[in-house]
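Notes to accompany the following structure.
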Amino acid sequence: MELHQWCRHIIVFLLNVWIPSCFAQTTPPARSSPTPTPQTADNPDSLKFRLSGFPRKHNEGRIEVFYKGEWGTICDDDFSLANAHVLCRQLGFVSATGWTHSAKYGKGAGKIWLDNVQCSGSERSVSVCKSRGWGNSDCTHDEDAGVICKDERLPGFVDSNVIEVQVDENRVEEVRLRPVFTTATKRMPVTEGVVEVKNKDGWAQICDIGWTPKNTHVVCGMMGFPHEKKVNKNFYKLYAERQKNFFLVHSVACLGTEVHLAACPLEFNYGNATESCPGGMPAVVSCVPGPLYTQSPTMKKKLKMPPTTRLKGGAKYGEGRVEVLKGSEWGTVCDDRWNLVSASVVCREMGFGSAKEALTGASMGKGLGPIHMNEVQCTGNERSLWSCRYKNITAEDCKHTEDASVRCNVPYMGYEKTVRILGGRTRYEGRVEVLHREADGTLRWGLICGEGWGTQEAMVLCRQLGLGYANHGLQVRLSGGRSPYEGRVEVRVGQRWGSVCSEGWSTKEAMVLCRQLGLGFSMHAITETWYWDSSNVTDMVMSGVKCTGDEMSISQCQHHRTVNCQKAAARFAAGVICSETASDLVLNAPLVQQTTYIEDRPLHMLYCAAEEDCLSKSAASANWPYGHRRLLRFSSQIHNIGRADFRPKAGRHSWVWHACHGHYHSMDIFTHYDLMSANGTKVAEGHKASFCLEDTDCDEGVSKRYKCANFGEQGITVGCWDLYRHDIDCQWIDITDVKPGNYILQVVINPNYEVSESDFTNNAMKCNCKYDGHRIWVHNCHIGDAFSEEAEKKFEKYPGQLNNQIS
């Protein structure tokens with residue numbers, strides 16, 4: 001009995017313990033909405049961290065954590081600068097300057113150790129920050145986070161784990177081709193040579209034992225070349241036997257889809273590097289340049305082939321917003337899952353090398369029209385982006401704020417060494433100087449005559465300098481500017497620098513110059529540079545410069561064989577101001593088609609228009625105030641989809657007051673309205689004398705900045721548009737004298753290139769018109785570069801529909 005009673009007490013005790021514990025258990029949080037909690041590793045000090053990925057510097061990269069014997073990544077969900085601060089300190093840096101998402105440094109492999117990490121920034125270790133917990137994640141490696149640390153080490157930091165995991169990748173951050181032939185050293189670009197990698201002791205070679213075409217493919221891509229070819233190793237073998245080589249890398253095993261040699265499996269030499277390639281020699285590659293960089297007739301023919309992919313809105317060759325052709329219509333690519341592998345397919349398809357950057361968020365400006373592709377996933381072996389896996393777009397998937405862009409590796413041409421700008425306030429502006437070779441072979445710098453120097457010339461020069469928008473042997477520089485982006489243009493002739501005559505110097509020339517110097521776009525083409533402090537350059541060595549705006553270098557533009565400058569004084573030397581960003585104006589074509597109509601307007605209502613000279617010449621002989629004029633009216637809505645505000649070239653002091661309109665006009669010629677015959681002959685034109693520029697309305701979240709009223713600032717803000725309604729004065733073409741027939745309505749924005757833009761090819765809009773003397777049919781309105789060349793040729797043949805009647 002006592003035993004039975006004792007057992008009963010035991011059972012009651014166990015039930016009292018077990019039942020409350022069951023009811024105390026809670027349901028775990030749903031996967032889609034985690035509740036981060038602090039997750040502490042067994043020993044936070046035992047965690048190891050490293051920076052990986054490519055291309056990158058030593059203080060940035062994909063963050064990886066070594067936990068429970070395995071390296072893994074961190075998901076970018078809820079990632080912040082505070083997280084980056086904690087991680088950078090654990091890596092031995094004083095703090096973070098930024099962080100990256102969407103696997104900017106490439107996708108990692110293996111585990112994703114942490115997700116939804118939320119640090120305050122003061123934690124000693126990321127392991128004590130809130131998160132889902134170790135190994136608990138709903139991410140893919142497309143979402144790997146990266147950090148950018150301040151390049152300053154913590155005093156006394158001695159964690160060898162961090163240093164050791166960075167050593168190998170740091171050694172191959174720079175790669176070059178060293179040409180061996182004497183003639184090859186003078187020819188640009190260098191397409192063949194010994195592969196060398198840079199380390200702390202200088203440049204070293206790679207042993208070619210086991211070297212494969214896939215390795216060559218990766219190296220050529222880094223050098224800016226889309227393809228490779230076999231190389232004659234016999235010559236190089238003889239050369240190598242006479243040289244003392246230093247072999248840093250013993251073995252390379254690329255897959256061929258990598259964008260950087262650092263991403264390939266590498267074996268390094270740690271012994272006697274001069275004798276560590278028995279039976280081998282330095283690796284040698286031979287690359288095939290794209291059509292833009294070759295003299296080969298076969299490759300040049302490829303330039304004339306209709307493209308299916310193009311880059312728009314970039315300041316330099318090899319960068320821009322990705323656009324693809326589908327059903328004769330150009331459209332953009334959504335940036336979902338956009339990465340370096342897919343970007344490299346685009347770059348090689350365009351005739352460049354592998355991708356340096358896969359940019360998201362409309363980094364090169366927003367596109368127009370349809371978005372053709374979403375979630376593009378390439379393997380890296382495709383010849384065209386259309387060969388990659390992708391999803392068709394739906395209205396809910398993407399907007400043009402998510403347009404994908406690329407920056408490609410391009411061949412080094414040395415153009416930026418042949419031009420300079422001096423005297424400007426920044427490196428983006430200055431007087432233009434060029435380096436020129438005289439008849440005796442000597443080199444000297446000189447000025448460029450500023451007569452006719454305009455925005456187009458300046459855009460060419462800014463691209464040459466690498467400063468953005470605005471022949472190899474002609475050296476150019478900017479002199480005297482307030483910054484590296486401005487200055488007087490100077491060229492070198494023999495051993496002497498000289499200036500450029502500013503007669504004819506315009507936006508197109510400045511575009512090329514800024515591009516050549518790598519300074520972006522041209523903001524202004526300057527024709528008088530007396531206010532910029534001069535270098536010792538006094539000679540004018542170049543005049544008559546005329547560019548199309550597409551050249552890589554100012555030497556590829558037309559110019560006088562001998563200097564012929566009417567204004568040869570130094571004050572008239574050409575100059576530029578370059579900028580990293582530019583505006584991009586485009587007309588709302590559907591709105592033109594929807595609002596076009598004919599009005600017979602009585603002359604007594606057109607006195608103000610006559611004062612503005614908005615009627616055709618025959619109006620002067622009309623029987624005023626009796627009779628009427630027949631007007632083709634329409635609305636024009638001009639959007640700025642670029643990356644900088646569109647501002648009038650003229651300062652406020654030169655704006656003109658228009659009493660009829662009650663405000664100032666800041667631009668004499670802002671748009672051209674033309675009615676043309678099918679063969680392009682102009683039969684009537686708009687006579688709008690001048691324009692004011694303002695923000696009529698803007699995209700959601702964008703504030704208006706410019707207004708025509710009073711004497712305020714004028715312009716068009718990025719993300720805003722200027723609307724000229726069909727019912728305002730002079731918003732028409734006077735077609736009183738036009739006979740019935742088939743015509744083309746054309747509207748061109750910024751026709752004289754007075755203001756720099758990132759893309760001038762989308763400034764023209766065309767419509768088909770059929771006029772029977774009483775009614776007009778307007779159809780097929782589109783931006784000039786919206787369709788393929790083949791579709792554009794069929795432009796006049798499309799049938800129209802009745803659009804309106806005379807009002």
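Positions of Cβ are set from backbone N, Cα and C atoms, glycine also.
Disulfide connectivity taken from Swiss-Prot links C547 to one of C557, C565, namely C557.
According to Swiss-Prot, C277 forms a disulfide bond with C207, chosen from C207, C220, C347, C378. Under the DSSP three-state reduction, C514 (disulfide bond) is assigned to helix. Sequence-distant contacts of C334 (disulfide bond), defined by Cβ-Cβ distance under 8 angstroms and a gap of at least six in the same chain, are I371, M373, N374, E375, I393, D397, C398, E402, D403, A404.
Looking at C88, C207, C287, C388, C408, the disulfide-bonded residues in this record, the fewest other C-beta atoms within 10 angstroms of the C-beta turn up around C388.
Highest local Cβ density among the disulfide-bonded residues C254, C347, C398, C514, C557 belongs to C514, counted as other Cβ atoms within 10 Å over all protein chains shown.
A gap of 43 Å separates the Cα atoms of C264 (disulfide bond) and C547 (disulfide bond).
By neighbour count, meaning other C-beta atoms within 10 Å, the densest spot among the disulfide-bonded residues C75, C220, C264, C547, C578 is C578.
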